Structure formats: C-alpha cells, structure tokens
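Asker: Among the features that Swiss-Prot reports, active site, proton acceptor is placed at LYS70, with the record citing sequence analysis. As annotated by Swiss-Prot, shikimate binding site applies to SER19, PHE20, SER21, THR66, ASN91, ASP106, TYR224, with the evidence given as sequence analysis. Here Swiss-Prot flags GLY130, SER131, GLY132, GLY133, ALA134, LEU222, GLY245 as NADP(+) binding site, drawing on sequence analysis.
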Amino acid sequence: MINSKTKLVGLIGHPVDHSFSPIMHNAAIKDLKINYRYFAFDVSEENLKDVVAGAKAFNFRGFNITIPHKMNIMKYLDEIDCDAEAIGAVNTVKIENGKAIGYNTDGIGVKKALEEKTGILINKNILIIGSGGASRAVSFELAKDNNLTIVNRNIEKAENLSKEISRKLKKENPLNYGGLDINIENFDIIINTTPVGMYPHTEVEPVIPLNNIKKDAVVMDLIYNPLEPVFLKEAKKYGAKTINGIGMLVYQGAVSFEIWTGIKPDIFVMKKSIISKI
C-alpha cells in the first residue's frame, strides 16, 4: 500500500511505455516486502533540469535514465561516478542528502550476465559489434580485464571509440577495431550491441556471418524482444552458447536497485517477471 512513507524510484526517458523496468523493479520490491514503488515517467529533454530538481524536492531515492537522456542528464547532476564520467553516459541516479549522483550500470550488467554463463572474465578475446551508446558502456567495462575488438559498419566510428576507451583506461595495448568483414574465428565472446533483429524487424540477416565461429564461443545479443533474435539463432546453429538481452537488463537493474536501497534483489524474481510479459 502506498502511504506517506513510501519511497519513490522510477524511470525517466522518452518514450517509456515499452519499458520492462517498472515490471521487474516492482516485482523485486514486492518480493522483499519493502515500502518502495517504481514508476515510469515520459520526460522531454527541455524538462530534464526540472525533473532532477523535482526528484530532490519530492525526496525520491533515485531513478533510471533511458534513451534519449543518458548523456544530457549529466549536466544537471551534482556528482558523477568516475566510470560513468569516463563512459560519458548515466543510466542511474541516486538522490542522497539533497544531491543527485550519477552512475552507469549497463556495462556491469553485461559483465554479470556473461559471467553467469562463463565464469570470471579475464584475458578473453571479445568482439563488440557496434559503436553506439550501448557499446560505449559495455566496451569500457569489459576492456578493463580483457582484449577487445570493436567493429562497426562505419570503421571510423569503431576506431574513434576504441582509441577513446584505450586512452581513458590507459591501456598498454590499445583496443583493436575494424569493419563487419572481420575474421571471427579467434574470439571467445561475441556481443551484438546493435538493434539489428529487434522486434518488429525480426526477419533480417545477422549483423555479421557466424559460420567461422569458435566451437566453444559465447555469443550475446543485447536484444530481448524477441527472446531469441536472429543473431542468436544463427550462433546456436554453429554450436555456440547464447545469451539474450534479458540478463543485461536484469543485472543492470539489480545494481541500480542496490544503489538506491542497499539491498540485493532476487535476480530470478526480476527475470521471471519480464519473461512472463514477453
């Protein structure tokens, strides 16, 4: 029951009606029997500053930020975590002592989803497909302990991102980059961060051919609708282990949840709540 002591968290973006975040967060809240509620707010860019001020005034515990505000929100925050600053995007804000503090949990969400399948990720050869916003967070996190190659249809964009991450992480060996015609046979992990294959455009060619994939490779697609996008169907044909975007969605959400509440939510409860709605 909502009352004067209910703690508020939520999602800010445009649009937000497609989001599964309220479903999984409220499922975790119900499971833990804590007096929180998670709401989704459709917010235009010109209102971002007022929304941050309003969240402080109404004593929100925090909120998630989704497309298209992950970068623009940063100028209205009081503090930004060093990783989020380096990534150049924020997806989680905590309100504490009247201050709005920004974090980015997208990269750690992918890492945790992968480690659920592979164990600890160290010195793996990882191929990242795409160089957009999702790729930035994922590449930054995974490049800390692994050997990354970023590829994109526009090679210049892949080059720029790889050089930026190498510089920010002070990498002794710079990240590699290339085009979509890359030889994939030596990669342990391949991650698609592009929207190719997302509903409703599901009947498309995989973003890169996978016929030369390493026998024991792990292939991940950040898409979660459909649950098995064309990229993963193709990877499975060649014997790869596959992971869809549900894992990333849930784990990044779980890290956000813990930032706000100080409590680790049940990953299974969150995942089950989403799958039941797809």
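Every residue number used here counts from 1 along the chain in the order it is shown.
Glycine too: its Cβ is placed from the backbone N, Cα and C atoms.
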Asker: Quick check on the binding-site residues GLY133, GLY245: which one has the highest count of other Cβ atoms within 10 Å of its Cβ?
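Answerer: For the binding-site residues GLY133, GLY245, the Cβ with the most other Cβ atoms within 10 Å is GLY245.
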Asker: Just to confirm: which same-chain residues, 6+ apart in sequence, have a Cβ under 8 Å from the Cβ of GLY132 (NADP(+) binding site)?
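Answerer: Correct list: THR193, THR194.
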Asker: Taking DSSP as the reference, which of helix, strand or coil describes ASN91 (shikimate binding site)?
Answerer: coil
Asker: Here are the binding-site residues: SER19, SER21. Which has the lowest count of other Cβ atoms within 10 Å?
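Answerer: Comparing Cβ neighbours within 10 Å for the binding-site residues SER19, SER21, SER19 has the fewest.
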Asker: Compute the mean position of the Cβ atoms of SER19, PHE20, SER21, THR66, ASN91, ASP106, TYR224, which form the recorded shikimate site, and then list in sequence order the other residues of that chain whose Cβ is within 8 Å of it.
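Answerer: Near the shikimate site, the remaining chain residues are LEU11, ASN64, LEU249, GLN252, GLY253.
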Asker: Within 10 Å of the Cβ of THR66 (shikimate binding site), how many other Cβ atoms can you find? Include all protein chains, please.
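Answerer: If we count other Cβ atoms within 10 Å of THR66 (shikimate binding site), we arrive at 17.
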Asker: Cα of SER131 (NADP(+) binding site) to Cα of ASP106 (shikimate binding site): how many Å, rounded?
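Answerer: Answer for this pair: 14 Å between alpha carbons.
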Asker: Could you state the whole-number distance in Å separating the C-alpha atoms of the residue listed as 'active site, proton acceptor' and PHE20 (shikimate binding site)?
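Answerer: That separation, Cα to Cα, works out to 17 Å.
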Asker: At the level of the C-alpha atoms, what whole-angstrom distance separates THR66 (shikimate binding site) and GLY245 (NADP(+) binding site)?
Answerer: 15
Asker: Of all the binding-site residues given, namely SER19, SER21, ASN91, ASP106, which is spatially nearest to ALA134 (NADP(+) binding site) at the Cα level?
Answerer: ASP106
Asker: Tally every other Cβ atom lying within 10 Å of the Cβ atom of PHE20 (shikimate binding site).
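Answerer: Step by step: centre on the Cβ of PHE20 (shikimate binding site), count other Cβ atoms within 10 Å, giving 20.
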Asker: Work out the three-state DSSP category of LEU222 (NADP(+) binding site).
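Answerer: Going by the DSSP assignment, LEU222 (NADP(+) binding site) belongs to neither helix nor strand, so it counts as coil.
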Asker: Within 10 Å of its Cβ, which one of these binding-site residues (ASN91, SER131) has the largest number of other Cβ atoms?
Answerer: ASN91
Asker: When the Cα of TYR224 (shikimate binding site) is compared with the Cα of each of the binding-site residues GLY130, GLY133, GLY245, which one is closest?
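Answerer: Comparing Cα positions, the closest of these binding-site residues turns out to be GLY245.
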